[in-house]
Amino acid sequence: MSIFNQKSKFKVKADIRAVRQAVEPTARPKPKQQQQLSAAGASGSRRRASPSGGGSGGGSTPRASPRPGSVAAARQRHRLQSASPLPPSGDEGGNSRKRRAVSSRSPASPNFSESGDDDEEDDWEESLDARKRSKRVHQPRADPNRSFAHPKLWAGGDENTERLPILHANDVASLEQKCQPALELAQEDVAIKLQYPGARYPERYELVWGKDKIEAVKDIVKVVNFVASIYLNDEDAKPFLDQSTGICRRLEKSRNTKDGAGFKAAVKEYNERLLGLQRKGVIAKNLGDLCGILRELIAFILDQIYDRTVAPNVELLSKYENGTDNVYGELLHPFISDILERAGLTSDKVFVDLGSGVGNVVLQAALETGAESWGCEMMENACNLADAQKQEFLARCRLWGLAHGSVHLERGDFRKSEKTLAALKRADVVLVNNQAFTAQLNDNLVNMFLDLKPGCKIISLKTFVHDNKNAENDVATSILDVEHLTYPEEYVSWTNASGTFCISTRKG
């Protein structure tokens with residue numbers, strides 16, 4: 001039965017491990033068992049934090065973001081420097097990477113490699129079963145007003161390869177960056193190209209591994225699995241997902257046995273088959289049949305973007321002012337997916353993140369819901385990384401063939417940014433991580449909320465309504481209806497514990 005137009009409710013929380021050794025990952029056989037699936041719904045899944053920082057112009061907005069090839073060590077170092085430390089989250093291959101340290105894995109990525117043991121190896125018989133593919137993922141509710149195919153999706157025709165301004169994997173993980181060949185390949189044999197479903201332009205990889213670097217082999221395997229599981233119907237997916245001779249099976253066997261030549265041969269066949277399906281219009285048709293973009297895929301794409309832009313420069317985010325509004329913290333992917341769904345954000349609405357850091361939440365909202373998405377940040381380094389992420393986001397969404405909402409990232413104090421203040425007046429959902437904000441800034445925000453339209457939802461970590469009815473900002477009581485909620489463990493970057501948050505609704 002096809003994956004299209006189905007809604008899976010299968011949600012299982014994935015385990016998180018801490019791995020610190022920098023060794024080339026190897027897959028070891030394990031007994032068959034039911035695969036644990038990561039679903040970034042209300043139940044959560046693998047942790048991956050998206051940076052959000054800032055104070056009055058970029059309050060640290062803990063956010064939930066997503067990706068199957070995330071980075072760990074540097075983000076962990078940053079987390080230890082900022083608020084409360086999070087234990088390092090483990091890299092599935094044994095090679096921790098910068099992004100994962102401050103965040104962890106993309107919660108929404110399909111969990112092709114989860115098992116109950118510590119090895120976290122791929123249960124391929126389970127994951128490649130076409131009858132079970134639709135159960136591996138969480139499908140968001142349908143948005144009838146949204147189109148999911150990118151307006152510039154390549155569907156055959158013009159064979160000229162248009163160059164897309166993406167950062168290639170080999171720009172940040174290569175022999176030149178002192179990485180080591182993977183799969184026992186010779187140095188001259190590590191170069192490889194990978195085709196994506198939305199464009200004719202391939203991404204360049206080198207089959208290498210290294211500390212705090214993109215793990216090329218794993219990244220490629222997950223791209224192939226996403227394409228086969230999401231972009232193809234059951235019939236078209238057979239050459240990819242057949243449990244005996246499929247391309248995914250061959251990739252995994254080659255990885256397990258360190259057969260570099262076999263791995264490259266399987267990637268070559270994948271590229272050729274995918275190009276053939278693109279030329280026939282199969283990909284374009286199937287994208288037209290999608291009722292929503294899977295959170296697992298959203299997480300992976302955002303993680304790819306982060307790993308190529310922010311992760312190599314994550315140390316820049318460690319410069320913050322403790323005890324001020326300029327404190328850096330992150331909400332993780334499952335948290336963001338949860339609150340976006342609770343707030344009912346859809347493609348015809350407006351989202352604003354006050355203190356958007358490097359832009360992760362803004363990008364997630366634009367891709368996951370298709371909404372017009374705004375962010376404002378005042379910390380210069382975070383703003384520079386946010387601009388880099390936005391550029392990569394625009395190009396990589398086209399590479400995947402997926403449409404997204406418009407993205408607007410403003411620099412400066414959100415209390416004074418004219419464009420941000422104008423967007424607030426139209427906003428349907430506002431996110432502000434005021435976990436570390438001063439009382440003065442919270443009072444300033446309440447005054448800003450006077451301009452919100454009735455029904456606008458405000459998501460915050462702390463309430464804006466004082467218990468003391470005689471408090472100076474008691475105006476919040478008169479304009480906001482507040483719902484107090486609890487988020488589960490591993491939803492924020494500064495602690496493993498559960499906590500509380502609020503959804504306030506602007507009264508009419």
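Residue numbers in this text run from 1 along the chain shown.
Here the Cβ of each residue, glycine as well, is placed from N, Cα and C on the backbone.
Keep in mind the model is a prediction, meaning the values are calculated, not measured.
Per TrEMBL, the feature S-adenosyl-L-methionine binding site maps to 328-331, 351-360, Glu377, 413-414. All protein chains considered, the CB of Leu331 (S-adenosyl-L-methionine binding site) has 31 other CB atoms within 10 Å.
Taken from TrEMBL, the feature compositional bias 'Low complexity' covers 61-70 (among others).
The compositional bias 'Low complexity' annotation in TrEMBL covers 103-114 (among others).
For 115-127, the entry in TrEMBL reads compositional bias 'Acidic residues'.
The domain 'DOT1' annotation in TrEMBL covers 203-508.
Annotation source TrEMBL lists region 'Disordered' at 21-157.
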Next on the checklist: If you count, for each of the binding-site residues Asp353, Asp413, the other Cβ atoms lying within 10 Å of its Cβ, which residue has the minimum?
Outcome noted: Asp413
Item to check | Averaged pLDDT score, the domain 'DOT1' (203-508) | outcome: 89
